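Copied from TrEMBL, the annotated features are:
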REGION    A:1-58  region 'Disordered'
COMPBIAS  A:1-16  compositional bias 'Low complexity'
DNA_BIND  A:58-133  DNA-binding region
DOMAIN    A:58-133  domain 'HMG box'
REGION    A:126-152  region 'Disordered'
COMPBIAS  A:126-139  compositional bias 'Basic and acidic residues'
COMPBIAS  A:140-152  compositional bias 'Acidic residues'
Amino acid sequence: MAKIAASSASASTSTTGKLVLRIKSNEGMKRSLRQTKSREETKANQNKSKQKIDAEKPKKPPTAFFYFFSFSFLREDFRKEYQQQNPDVKSMRDIGKACGEKWKTMTYEEKVQYYDIATEKRAEFDRATTEYNKKKQNGEYEDTDEESEYDE
DNA sequence: ACTCTGATTGTTTGG
DNA sequence: CCAAACAATCAGAGT
């Protein structure tokens with residue numbers, strides 16, 4: 001069973017985006033991602049731009065898994081226990097793997113909790129995107145859409 | 001000392 | 001539809 005039916009509670013919301021559930025062998029997924037975010041943060045820090053600029057494109061909200069991930073870190077039990085079980089483990093990646101594995105083993109009901117949070121967050125993100133789009137319409141940025149071509 | 005990388009899955013977005 | 005990118009976390013490792 002363990003089949004993640006697309007008819008999830010979050011799916012009921014039927015947000016603007018279409019939820020395409022496709023479970024494929026993503027084994028070959030590329031993991032070489034460039035987490036340039038660190039640089040952005042550092043850069044921002046150097047810039048002393050503590051205030052976040054809403055004008056920027058809204059960043060992608062953390063997924064359910066990420067919430068679970070962060071939550072696990074908040075849970076001292078998890079970290080402590082894991083460290084006790086794996087004293088050799090430095091920390092990050094290994095725990096991530098464990099989390100991922102556990103995540104897959106988690107039941108739908110367990111995951112739905114995080115999914116719900118992620119769904120709500122997505123709604124806000126969607127709203128932010130809309131507002132961002134609106135702002136763009138004001139002609140605030142260089143982002144010249146292809147549709148901006150109209151006779152004059 | 002400061003900055004980056006590393007790994008996990010899910011969601012986003014563009015072509 | 002497919003593929004690539006990017007979201008947070010923290011400590012280790014490199015310069």
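Here, residue 1 is simply the first one shown, and the rest follow in order.
Even glycines carry a Cβ here, placed using N, Cα and C.
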Per-residue pLDDT averaged over the DNA-binding region (A:58-133), given as an integer: 82
Number of helical, extended and coil residues in the DNA-binding region (A:58-133), per DSSP: 61 helix, 0 strand, 15 coil
